[in-house]
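Trainee: Pasting a structure here, questions to come.
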Amino acid sequence: MKILTWNINGIRACKQPLKAELADLSSDIICLQETKVTRHQLDEETAIQDGYNSFFSFSRKKSGYSGVATYCKEHATPVRAEEGLSGALSDKTRGIEGIIGHYGDLSEFTDEELINLDSEGRAVLTEHQYRDSSGETKHLVVINVYCPRADPDREGRLDYKLQFYKLLQTRAEALIQAKKHVIILGDFNVSHKPIDHCDPDADEEKFYAKQSRRWLENFLQDTPPCSKYQGDSSHQKAKHFVDTFRFFHPHQENAFTCWSTGTGARQTNYGTRIDYIVSDVKLCQEEFEDCEILQDFEGSDHCPVSALMKGHSIASDKLPGICTKFMPEFLGKQQKLSVFFKKDVKVSGSNRVEQNCGSQENLNSFKPQNLLGKRNIAMSKFGPPAKKSKMQQKTSSKKNASITTYFKRTPPGIQSLESDVCQTDSQEQLSSAGGVIDSMRRPQLDDGNTCRDMTQSSVDVSSISSSSLSCKDKSVDTKCISVMSNKKAASSWRDIFKGPPPAPLCKGHKEPCVLRTVKKVGPNLGKQFYVCNKPEGHKSNPEARCGHFEWVVSLKKMKLDKTLDEK
C-alpha cells in the first residue's frame, strides 16, 4: 500500500485537472492540505473522482483558507471517517459506528477551545482495515493534518498552534492505547532538526528554543544522527511515534519539502522540511519499506512525500457518512444556487431528474434565464430608452478625438491663447498629416481688426502650416493651428513609451537588479527597492542571490521630501 501527503496550496489552482494530478501521484491514500475551498465552493468535479472516495474538512471561519482532503482509492475505502480531532464536529446522530472515537483526556480544553481548534478545517481521520505482511488484519487510522502557522503579525496564533499540537498528540496517543495503528501525515509547519533546515542556527540550544520545535522533539522518537540537545527529560513521557523519512534516511541532507516561491528558492533548494509521514514505532519497524521526498513534482510551494508499506488495505462494504458522495448537492437531493445562473444545466442520471423535476418534460421546459427576472423592454411601462437627438449625436461625434491629443504638450503661447478664446458652435475638427487640427476663434477688437498679429505672441509662426488655417465664418476670422508634425508625433510616442530608467547592476554578479515593492505593514510600506535577480540560496552558492540592496529613492531624500510636505 502506498500513502502520500502533499500541501497542494489551493486545490482549485492546479496546473492540470485534478484527475490528472491524482493519476500522477499514483497512491492508494492521498492526503492533501491547504485546499483553500469551503463547502459552498466545492464542485462535483473536485469532490467526486472516478475510482476514489474523498473526505473533506472545510474552514468555517473564512473563505479560501486552510482545509484538508483525503482521497482513497476504492480498494482502500475506509471503515470510518471523521472530521476534526476533538469530536466536536462529529454527527452523533449517526451512532457509535459512524465515528472513530477514542479522544483521550480533553479536560485541559474547554468546549469553546475544542470547537475553535477544529473550526479551521485542519484534520480528517480515516480508519482502514489493513492486512499486514503476515496476513493478520489490523485497524489503521490515518490522520491528515495541516498544522497552524504562528504568524507573528497575528496575535494569539502561537498559542493556537501549541494548543493544536497538544490536541493532536492527545488524540493520537488515545488511539494507540485503543490498540490501533496510527499514521499522522501532513504539513506540521515546523522543521525538526538542524539537518532539516537550510540555514539553521549554529547554536543548537537556540535552534531548539522554538516552542513548536521543542514539542516535535518531545513527540517523536529520536533517530540517528542523534542531536546533542536532549531537552528537559525529567518529565518526558514514552514516545510512541517516529519520523519515517529519518528512519530510512537518517543522514540525507538537503531533503527539503517547502521553499519560498517569491524568492525562487526552489531553484537552489534553499528550503525546509516541514512535511512528514509519522507512524507509530511498531508499524514503522514491521510494515514500512521506504519513505521518499518527491522534489521533482511541481505545482505548489511544497512537494509530496510518499511511503510504501508491505501490506494492503481491505475495502469496506459501506462508505462512511462524511464521504462527499453523500453530500445532498452531489447526491441529487439538493441544488446549489449557482446552478440556476449557468447557461447550460447538465443533469445526469434518471434518478436525479425524477427527484429534482418530477418529469423529463419539466426539465426540458426549465430555463434558468427566466429566474433572473430579465426585463422585456417592449413590456416596460417606461418604454424603450430615448434616442439621441441630431444635435447630441453631432456633439458626441466631435468628442472622438485622436489618441495623440491626450499625450501632446501644448506650447506656452497656446496655453495663454486658449484662455482668451471662445469656442463657437461651428467649430470643426480637420485632419492633416501632422495630427489633429483644432479650429479656434479670436474675438474682434474695438478698431474692427481681428486678433493681434500672431507674430507678437510666443508661438513660433514657422511651425504653423499655412494650409492648416481656414476660415468658416465671414464675420469672424478663425485661425487653425496644426500642433504636431510627423516627426513631433514620433518623438511624443517615444517619450510615452521610453519606460523606467535601467536597473542598476548588482555588486556580486554585475547583472541588472530586479525591482521589488515593500508589502509588509510599516514605515516603508509601498516603497520600491532593487535586489539581485538571482534566486535565494546559501551564501556559499555562487549562483545564489548576493547581498545587494538599493532603494529606488534614497532614504535621505524620502525624509527631506516628507519634511517639505509637512512644512
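Placement of Cβ uses the backbone N, Cα and C atoms for every residue, glycine included.
Taken from TrEMBL, the feature Mg(2+) binding site covers N7, E34, D187, N189, D301, H302. Taken from TrEMBL, the feature active site covers Y146. Feature annotation from TrEMBL assigns active site, proton donor/acceptor to D187. Positions annotated as site 'Transition state stabilizer' by TrEMBL: N189. Per TrEMBL, site 'Important for catalytic activity' is recorded for D275. Residues or ranges marked as site 'Interaction with DNA substrate' by TrEMBL: H302. According to TrEMBL, the domain 'GRF-type' annotation covers 506-555.
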Trainee: Could you list the residues of the same chain, at least six apart in sequence, whose Cβ is under 8 A from the Cβ of D301 (Mg(2+) binding site)?
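Mentor: Non-local contacts for D301 (Mg(2+) binding site): N7, N9, C258, W259, S260, T261, R266.
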Trainee: Fill in the CA-CA distance, N189 (Mg(2+) binding site) to the residue listed as 'active site', as an integer in Å.
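Mentor: Counting only the Cα atoms, the answer is 8 Å.
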Trainee: Given the model, what does the mean pLDDT over the domain 'GRF-type' (506-555) come out as?
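Mentor: Summarising the domain 'GRF-type' (506-555) by its mean pLDDT gives 86.
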Trainee: Measuring Cα to Cα, how far is D275 (site 'Important for catalytic activity') from Y146 (active site) in Å?
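Mentor: Rounded to the nearest whole number, the Cα-Cα distance is 9 Å.
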Trainee: Name the residue among the binding-site residues N7, N189 whose Cβ has the smallest number of other Cβ atoms within 10 Å.
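Mentor: Checked N7, N189; of these binding-site residues, fewest Cβ neighbours within 10 Å: N189.
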Trainee: Can you grab the distance from E34 (Mg(2+) binding site) over to Y146 (active site)? Cα atoms, rounded to a whole Å.
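Mentor: Taking the Cα atoms only, E34 (Mg(2+) binding site) lies 7 Å from Y146 (active site).
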Trainee: What residues, ordered by sequence, lie under 8 A Cβ-to-Cβ from D187 (Mg(2+) binding site) and sit at least six positions away in the same chain?
Mentor: T5, N7, Q33, E34, V145, Y146, C147, C258, I274, D275, H302
